[in-house]
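Asker: Pasting the relevant annotations from Swiss-Prot:
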BINDING   GLU20, LEU21, GLU80, ASP284, LYS354, ARG361, ARG362  N(1)-(5-phospho-beta-D-ribosyl)glycinamide binding site
BINDING   ARG112, LYS153, SER158, SER159, GLY160, LYS161, GLY162, GLN163, GLU193, GLY194, PHE195, ILE196, GLU201  ATP binding site
BINDING   GLU265, GLU277  Mg(2+) binding site
DOMAIN    117-306  domain 'ATP-grasp'
Amino acid sequence: MFGTATSANATRVLLLGSGELGKEVAIECQRLGLEVIACDRYADAPAMQVAHRSYVLDMLDGKALEEIINKEQPAYVVPEIEAIATDKLVDLEEKGLNVVPTAKATKLTMNREGIRRLAAEELDLSTSPYRFADNYDDFKAAVEHVGIPCVVKPVMSSSGKGQSVIKTEDDIEKAWDYAQEGGRTGAGRVIVEGFIDFDYEITLLTVRAVDGVHFCAPIGHRQEDGDYRESWQPQAMSENAIKAAEYTAEKVVNALSGYGIFGVELFVKGDKVIFNEVSPRPHDTGMVTMISQEMSEFALHVRAFTGMPINKIVQYGPSASAVILGQGTSTDIRFDNLAKALAQPQTQVRLFGKPEIDGRRRLGVVLTRRKTIEESVQDAVENAKKVKIVY
């Protein structure tokens, strides 16, 4: 049963993280008359612009987080980012707080170590070879064990921050320094991953709901500098590869438990899949579902965590997303040439409303639906380039 937003009987949703993904979750909550409270470390974040009210805080501060939760008494706490005081959420969940999908899932996936150990050591899923390191000497030993080339990532980071590839021994020290600069909570533990041979990588959006586990069509994507640039759906896969991907994803989400959508990242080689990572929330590559599906990943997430059935996920056909990427320094961001970007049918633009930029930042996305994946991706990329960012 839902109450009415802003009334005494309101059903409240507290968003922890208010970026572009949180913004779409907030909009889907609004469609159901839920009262949305958005939190982030900076003011005027995208989800705050469509929420009933908002708070600015360091979400790694457990005391500050608990104060807001006690004040707002939310029916659902919905994390959108990794950098949250997860130990506090675990404590509060034991006292009755409803964390989406669960506080355990949020804590385990907060860093790459928890989820990698779950997948490889508890669930016995295929992963790349890996080692963890806390200091430079252990890091060098980890690189030697895994072998060159290898990938280095902070155990806690997002959007490719702190991630690099070691191709020669000359890269080792630089990779360590870069990882120490890029972690969400500052310097610390890293994962060294061995290179694996794969044909392509996918995100398998997997919904755990009251009526079972459901799968979206696989999403292919292209990464650059550790961050996605384009995604498309459906990614062509063999029947055996799809079965293997769904088996792996279902095993992971059932181990994490709770209701909601999970972005399961997999490498695919022929009919074989290798587990990479999972996010217990909507995934950035899944923004393509805003044009490719009857229910976007955000609508599916809200429907699932509020205890409603999913029934059937309908996919409309070849679709793509391409990032509108800004680079500069400004608190006065404007966009021009939108009419040119929208000149073709079945094309949409989403501008995130980020209030500032300092360096490189994802500011929007172009969505397309065409007769083929190739056309969809090409048109999405070309139309994204037409959007002129004025700083």
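Glycine too: its Cβ is placed from the backbone N, Cα and C atoms.
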Asker: State the mean pLDDT for the domain 'ATP-grasp' (117-306).
Answerer: 95
Asker: Whole-number answer please: how many Å between the C-alpha atoms of GLU80 (N(1)-(5-phospho-beta-D-ribosyl)glycinamide binding site) and GLU277 (Mg(2+) binding site)?
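Answerer: On Cα coordinates alone, these residues lie 16 Å apart.
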Asker: Among the binding-site residues listed here (ASP284, LYS354, ARG362), which has the Cα closest to the Cα of GLU201 (ATP binding site)?
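Answerer: Result for GLU201 (ATP binding site): the nearest of the binding-site residues is ASP284.
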Asker: Is it possible to get the count of other C-beta atoms within 10 angstroms of the C-beta of ARG362 (N(1)-(5-phospho-beta-D-ribosyl)glycinamide binding site)?
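Answerer: Within a 10 Å radius of the Cβ of ARG362 (N(1)-(5-phospho-beta-D-ribosyl)glycinamide binding site) lie 20 other Cβ atoms.
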Asker: Among all chains shown, work out which of the binding-site residues GLU80, GLU265, GLU277 has the most CB atoms within 10 A of its CB.
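Answerer: Its Cβ has the most other Cβ atoms within 10 Å: GLU80.
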Asker: Between the Cα atoms of GLY162 (ATP binding site) and GLU20 (N(1)-(5-phospho-beta-D-ribosyl)glycinamide binding site), what distance do you get, rounded to the nearest Å?
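Answerer: Each residue's Cα considered, GLY162 (ATP binding site) and GLU20 (N(1)-(5-phospho-beta-D-ribosyl)glycinamide binding site) end up 21 Å apart.
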Asker: Of the binding-site residues GLU193, PHE195, GLU277, which sits closest to GLU20 (N(1)-(5-phospho-beta-D-ribosyl)glycinamide binding site) by Cα distance?
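Answerer: Closest by Cα: GLU277.
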Asker: GLU277 (Mg(2+) binding site): which of the binding-site residues GLU193, LYS354, ARG361 is the nearest Cα neighbour?
Answerer: GLU193
